[in-house]
Amino acid sequence: MTDAYVALEGERVVSARARAPGRTRGELVFTTAYTGYEESLTDPSYEEQVLTFSYPLIGNYGVRSERFESDRVHPRAVVARELTDDVASWLTEEDVPAVDHLDTRELVIGIREEGAMRCGVVAGDDVTPDDALDELAQCTAMSDHTDIGAQVSVDDPVTYNRDGTGPSVALIDCGAKDSIATSLIDRGATVHVLPYDTTEAAIEELSPDLLFVSNGPGDPKNFDATSKLVETYAGEIPMAGICLGQQVIADTLGGDTEKMTFGHRGVNQPVRDLETGQVLMTTQNHGYTVSDPGELNVTQINVNDDTPEGLDSDELDIKTRQYHPEANPGPHDTLGFFDEVLGMVESKSTVSAD
Ligand SMILES: NC(=O)CC[C@H](N)C(=O)O
């Protein structure tokens, strides 16, 4: 007896067990992370995707809101070999369909060979394979979600740590994980979380020391308003970016981005720093990559496929990373990025004070 189905491009349907009911569709991707399921499931960058966990057991240390990265679950559906009851009830409460008891190894091999693909997921007592195919037929390609920023960004500005002793940071929220703001606040910064389509007038009023473009879902080319801010302030205000932030900044400053076959999602992606030769273990979640760094210099690369992981410009005071330095979940090798970017502001004030 089966009460769940996943329909894949090519009209293939895989049977599964329903763990949280519902009918939905999205881009099927996988993560190899073996911890951090609460952080991944609340990461806004998974908006409009169906997340498959390649690790076979998900949920074995419960569900605690302290570990959430936003106020809701973002993947449209969740696929795993085995989901615990804790995770299944959380996803049921959140209205996010979830399925297990299917061969996720085969699914992951399919995604690796054919690339991230559209899919339909149905779960519940009365569902049929045709229902899953129906969902698949209505599924939109990721790059066609042109307004995805509006689905995940704050509607209005929010300020944290107003009396902080450190620099003032304008965090452009393209779907920011909470721990990016926390990492800055922990270092004394005042953080203004601003909508992805913030106006120049709002930036002028705040007069921030650092413009920080966050991670976010979908195609970086669908963030025109954010790109406009980058164009206006590059070279005027020191700038940092994480993940989608790196992509939007490179795309705007004479570079380009492209879709990868299946992307990088996991907590053990090796990155080499080209200056020191040091290899850092990093947390990643992206399906697009910078294909041309434009005016920026590639300072770090992925050891597995040589894609750019760090872009820097001393002339423009810009530092971006493709991975997630806030490391939630993940190895903490890369937390120093936050000191480096705040350091750009401090060294700038030292220079101008002289
Ligand atoms: N985590 C992110 O910011 C992801 C960036 C972009 N949506 C991608 O998939 O490449």
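Including glycine, each Cβ sits where the backbone N, Cα and C put it.
According to DSSP, CYS243 (active site, nucleophile) is assigned to coil rather than to any helix or strand. Positions annotated as active site, nucleophile by TrEMBL: CYS243.
Per TrEMBL, the feature active site maps to HIS324 (among others). Classification of HIS324 (active site) by DSSP places it in coil, neither helical nor stranded.
Take the CB of GLU326 (active site) and look out to 10 A: across all protein chains shown you find 26 other CB atoms. Sequence annotations record features per position, and here TrEMBL assigns active site to GLU326 (among others).
In this structure, GLY216 (L-glutamine binding site) belongs to neither helix nor strand by DSSP; it is coil. The Cβ of GLY216 (L-glutamine binding site) lies under 8 Å from the Cβ of PRO44, SER45, ILE148, GLY149, VAL152, SER153, CYS174, GLY175, ALA176, TYR196, PHE223, CYS243, LEU244, GLY245, each of these being in the same chain and 6 or more residues away along the sequence. Look at TrEMBL and you will find SER45, GLY216, GLY218, LEU244, GLN247, ASN285, GLY287, TYR288 tagged as L-glutamine binding site.
The domain 'Carbamoyl-phosphate synthase small subunit N-terminal' annotation in TrEMBL covers 2-122. For the domain 'Carbamoyl-phosphate synthase small subunit N-terminal' (2-122), the mean pLDDT of the prediction comes to 98.
If you look up TrEMBL, you'll see 1-167 marked as region 'CPSase'.
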Of the binding-site residues listed as GLY218, ASN285, TYR288, the one whose CA lies nearest the CA of GLU326 (active site): ASN285
Among GLY218, GLY287, the most crowded of the binding-site residues [Cβ within 10 Å]: GLY218
Residue counts (helix, strand, coil, in that order) that DSSP gives for the domain 'Carbamoyl-phosphate synthase small subunit N-terminal' (2-122): 31 helix, 45 strand, 45 coil
Additional residues around L-glutamine, ordered along the sequence, whose Cβ is within 8 Å of the centroid of SER45, GLY216, GLY218, LEU244, GLN247, ASN285, GLY287, TYR288: ASN215, PRO217, ASP219, PRO220, CYS243, HIS286
Neighbour count (Cβ, 10 Å) for SER45 (L-glutamine binding site): 27
Contacting recorded positions for ligand 1, chosen from LEU244, HIS324, GLU326 when the Cβ sits under 6 angstroms of any of its atoms: LEU244
Using Cα positions only, nearest of the binding-site residues to HIS324 (active site) (GLY218, GLN247, ASN285, GLY287, TYR288): ASN285
